[in-house]
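Okay, so here's the structure we're looking at.
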Amino acid sequence: MRLHHLLLALLFLVLSAWSGFTQGVGNPVSCVRNKGICVPIRCPGSMKQIGTCVGRAVKCCRKK
């Protein structure tokens, strides 16, 4: 029975860690860590959007 609890805890750990990799950039701190800048409108032509900074209105942009 203890083995089942251990395996269940390991499964939750793996699934919670995996969800972090699929989120992308979602706040200003992670934007800067990913070498991006927060832009209140759309990204300029020489940059691509890698996420959002605050809500959906402010984009996180990085050079292509």
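The backbone N, Cα and C atoms fix where each Cβ goes, and this holds for glycine too.
Taken from Swiss-Prot, the feature signal peptide applies to 1-26.
Residues or ranges marked as disulfide bond by Swiss-Prot: C31-C60 (among others). Annotation note: C31 (disulfide bond) sits in a helical segment as assigned by DSSP.
With a 10 A radius on its CB, C53 (disulfide bond) counts 23 other CB atoms from all the protein chains. The disulfide bond feature in Swiss-Prot is assigned to C38-C53 (among others).
Annotation comment: Swiss-Prot describes C43-C61 (among others) as disulfide bond. The Cβ neighbour count for C43 (disulfide bond), using a 10 Å radius over every protein chain in view, is 18. In the three-state DSSP scheme, C43 (disulfide bond) is classed as coil.
Residues within less than 8 Å, Cβ to Cβ, of C60 (disulfide bond) and separated from it by at least 6 positions along the same chain comprise V25, P28, S30, C31, N34, G36, I37, C38, V39, Q49, I50, G51, T52, C53.
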